[in-house]
Amino acid sequence: MLLGCCHLGYKMSRIEPTRFVLFRHSSTFRVHMSVLQVLTFPDDRLRTVAKPVEKVTPEIQKIVDDMIETMYDEEGIGLAATQVDIHQRIVVIDISESRNEPMVLINPEILEKRGEDGIEEGCLSVPGARALVPRAAEVTVKALDRDGHEFTLEADDLLAICIQHELDHLQGKLFVDYLSPLKRKRIQDKLAKIKRFNEKQR
């Protein structure tokens with residue numbers, strides 16, 4: 001399971017779904033959701049600092065729903081809007097074993113960090129790469145939910161790490177930025193090689 005990861009000022013025309021799937025994580029809605037294209041390192045768009053969501057509208061909720069479906073489709077446990085070329089402060093996470101308990105954080109803000117922790121992280125935007133990243137063991141987070149209601153969350157263990165990972169994305173930061181320049185270059189070269197191979201297979 002990858003720690004997946006993961007904008008406003010976006011343009012709807014830049015959201016290019018690869019296919020449509022049935023909305024499955026809520027019995028309340030019966031609409032179709034799009035699986036979005038995930039950007040991969042070293043795409044410069046991943047370095048964009050996301051802007052706050054001014055108001056939670058149906059359009060924002062559609063983005064949230066598409067992000068959740070994309071996260072499940074990619075088998076990640078988290079996704080930031082930056083990763084799908086939407087530059088707003090939106091994050092979705094699901095660390096549950098059942099894979100049907102998505103958490104939505106709009107305009108998330110870490111209020112407090114406590115302790116030290118770290119695991120070997122991966123990322124949907126850096127496929128095939130993993131590295132140990134230092135993180136706070138516990139965090140207190142304030143955010144809005146899918147309906148625009150504010151809440152505060154106390155998180156520890158994997159959830160705390162995932163939140164920090166995804167919020168890094170909103171600042172244009174990737175987990176590879178914690179690595180040495182040499183390791184970062186090796187990962188970039190590996191991804192470029194994979195991309196060239198895939199293009200030849202088309």
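Counting begins at 1 with the first residue displayed.
Positions of Cβ are set from backbone N, Cα and C atoms, glycine also.
Worth saying up front: this structure is predicted, and the values here are computed from it rather than measured.
Feature annotations, reproduced from Swiss-Prot:
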type	residues	note
ACT_SITE	E166	active site
BINDING	C123, H165, H169	Fe cation binding site
Largest tally of Cβ atoms lying within 10 Å of a Cβ, found at which of the recorded positions C123, H165, E166, H169: C123
H169 (Fe cation binding site) in three-state DSSP notation: helix
Pairwise CA distance, C123 (Fe cation binding site) versus the residue listed as 'active site', rounded so that it is a whole Å: 10
